[in-house]
Amino acid sequence: MPSRRFADGEVVMGRWPGSVLYYEVQVTSYDDVSHLYTVKYKDGTELALKESDIRSQSSFKPRKSQSSSSSPSRRSTSRSRSRSPGRPAKGRRRSSSQSREHKDDKKKNIQETNLALLVLDFFCLFFKPSENNTRRYNGEPESTEKNDTSCIILEQKLKPDLEIKRVLEQYSLRPRKEEKKKEEIYSEKKIFETIKTIEKASSKTKELEFGGRIGTFLMIFFLPATVFYLLLMCKQDDPSLLNFPPPLPALESLWEARVFGVFLLWFFLQALFYLLPVGKVVEGLPLSSGRKLQYRINGFYAFVLTAAAIGTLVFFQVELHYLYDHFMQFAVSAAAFSVVLSIYLYIRSLKVPEEELAPGGNSGYFVYDFFTGHELNPRIGNFDLKYFCELRPGLIGWVVINLAMLLAEMKIHNQSTPSLSMILVNSFQLLYVVDALWNEEAILTTMDITHDGFGFMLAFGDLVWVPFVYSLQAFYLVVHPTAISWPAAAAITVLNCIGYYIFRSANSQKNSFRRNPADPKLAYLKFIPTATGKGLLVTGWWGFVRHPNYLGDIIMALAWSLPCGFNHILPYFYVIYFICLLVHREARDEHHCKQKYGLAWERYCQRVPYRIFPYIY
């Protein structure tokens, strides 16, 4: 068994993975099986390194310059040669003039070389893996490996030419003046242009999600087709999946200008409520530039005003079941509007600065960036388009559609009161929407706001998928009424309450801890510290499973579908979709957290082994 070379606690120089740069580290432990040293950098980052990647500090001591060690005889010989008495006086005068010119040029070249080296050292120092020097995206440190890679690229680009220039100066080998004027590659402008080019290249999205370019291209057509298929199936007498494909309506029946006008009226009414100067103004997480955007929290007020407007329409006997009669046309109108909005968002994103682009939507591929969203926070003045669409038109519209389905059920089946199943579905989903609007500020820390750009994926999801797919249970019950007993209704209600309690308490713990970890009310929570300065909760709901909020979501989705009975699987599409969606998000969160927290995330996963479902997954 080979003996270890470095002892625990010894301060050495460790090579940063993927680079040729060494930084001061401290040895913390040694694994006899893998023969790897665990070292700790000054910023707290811990990595496992091979012995070949570690050197003692003595090997990095600067060497003495060769010029200082040259022999006196050579220096005297050089001086005697430059002052040969056999040369004429004119030649000596010309030699003296050339010497002064040579000294001036040499001084200028040395200054240019030192400037280039200074910029190179400053760039490497700025991107050194340090918590204080690392650039941040949305309050989260950017990958230090990417920063070091940029530093290495710059060093490899400039260092060979700088070494050549040093040799030329050492042996007084100067290029011709006309060549030197043409090749001023060491100017300050050239160097900073190189740095800018490298920074721009390093900000590109490297890892593509959703199947890359081909997957996102297919999803642009697959998502609308799925919505229209579900709505067509719900209206069939036998909505079995075996009855495929459903009868397709005539194309001219899918579009109605009046319906599109009603949709635009709804959209701009919510925009008007968003602009009202009511509610507090809060700051979001820091952007990559360090700037914090401001958001007005008035979603709940918009919901109250909307409820008052709908109540007024009902009082004046405006028939809301018009939504049910033209449900497919409303879905087509919303889809068309989301496509136009997505095209506008992509065109405007081509003119925004690099730092305002989304980290996950800057791949350089048109289809991928169009789908995922190229710009992170598109705004028209102070009107934030992504933040507005996230909660207002689609989420509040979901509640209005459910109410319209309840009234349509009463009219079609000549009922004086809605069915118990319809009441449960409306009540459960109303609670979910009101909770989201009441806790509107919590959405500012989600990946939709901090990481994802605003493109077709979120525009279609917010304006079409949420209101027309999430209301699937209520739409199904209008055509396929289902009677349930009071004991069954009570059991379903308890299940929904359990899911809601897990969902809300888990999110409250996370949001409170993120905003103020030192809050005395959170003293009972234990966490694992990370190199980013943040902590990973290992008690409470977050010590039970890694994503308890997803667990609560799935339990509630099941409770929303149970009132529809078990005759068909169609009402449970939402549950299946929700599980697939959350598993995808969980996998993305796992990858993101592993990159950001490193060894701390591995320790957290060992402490909390289950992801969503305890003892299962």
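Each residue's number is its place along the chain shown, starting with 1.
Cβ atoms are placed via backbone N, Cα and C, with glycine included.
Averaged across the domain 'Tudor' (4-62), pLDDT for the predicted model comes to 82. Positions annotated as domain 'Tudor' by TrEMBL: 4-62.
Per TrEMBL, region 'Disordered' is recorded for 53-108.
The compositional bias 'Low complexity' annotation in TrEMBL covers 55-75.
The compositional bias 'Basic residues' feature in TrEMBL is assigned to 76-95.
The compositional bias 'Basic and acidic residues' annotation in TrEMBL covers 99-108.
According to TrEMBL, the transmembrane segment annotation covers 210-232 (among others).
If you look up TrEMBL, you'll see 257-276 (among others) marked as transmembrane segment.
According to TrEMBL, the transmembrane segment annotation covers 297-316 (among others). Same-chain neighbours of the transmembrane segment (297-316): 269-270, 273-274, 276, 278-282, 391-392, 396, 399-400, 403, 433-434, 436-438, 440-441, counting only residues six or more beyond its ends whose CB sits under 8 Å from a CB of the stretch.
Sequence annotations record features per position, and here TrEMBL assigns transmembrane segment to 328-347 (among others). Tertiary proximity for the transmembrane segment (328-347) is limited to same-chain residues at least six positions away from its ends with a CB under 8 Å from its CB atoms, namely 224, 227-228, 231-232, 249, 253-256, 259-260, 262-264, 267, 369-370, 373-375, 378, 385, 454-456, 459-460, 463-464, 467-468.
Marked as transmembrane segment by TrEMBL: 458-478 (among others).
The annotation transmembrane segment is assigned in TrEMBL to 484-503 (among others).
TrEMBL lists 524-545 (among others) with the feature transmembrane segment. Note on the transmembrane segment (524-545): residues 43-46, 131, 140-141, 502, 505-506, 509-510, 513-514, 517, 551, 596-598, 600-601, 603-604, 607-608, 610-614 of its chain, located 6 or more positions outside it, place their CB under 8 angstroms from a CB of the stretch.
Taken from TrEMBL, the feature transmembrane segment applies to 565-584 (among others).
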Worksheet item: What parts of the chain pack near the transmembrane segment (565-584), using Cβ distances under 8 Å and only residues at least 6 beyond its ends?
Response: 230, 233-234, 239-241, 421, 469-470, 472-473, 476, 480, 482, 484, 547, 550, 553-554, 557-558, 612
Item to complete: Go through the chain and flag residues at least 6 beyond the ends of the transmembrane segment (458-478) whose CB is under 8 A from any CB in it; none is fine as an answer.
Response: 223-224, 227, 230-231, 234, 239, 324, 327, 330-331, 334-335, 337-339, 341-342, 345, 373, 386, 389-390, 393-395, 397-398, 401-402, 405-406, 408-409, 412, 419, 421-422, 425-426, 429, 448, 452, 560-561, 563-564, 570-571, 573-574, 577
Worksheet item: Which residue counts does DSSP yield for the domain 'Tudor' (4-62) in the helix, strand and coil classes, in that order?
Response: 7 helix, 27 strand, 25 coil
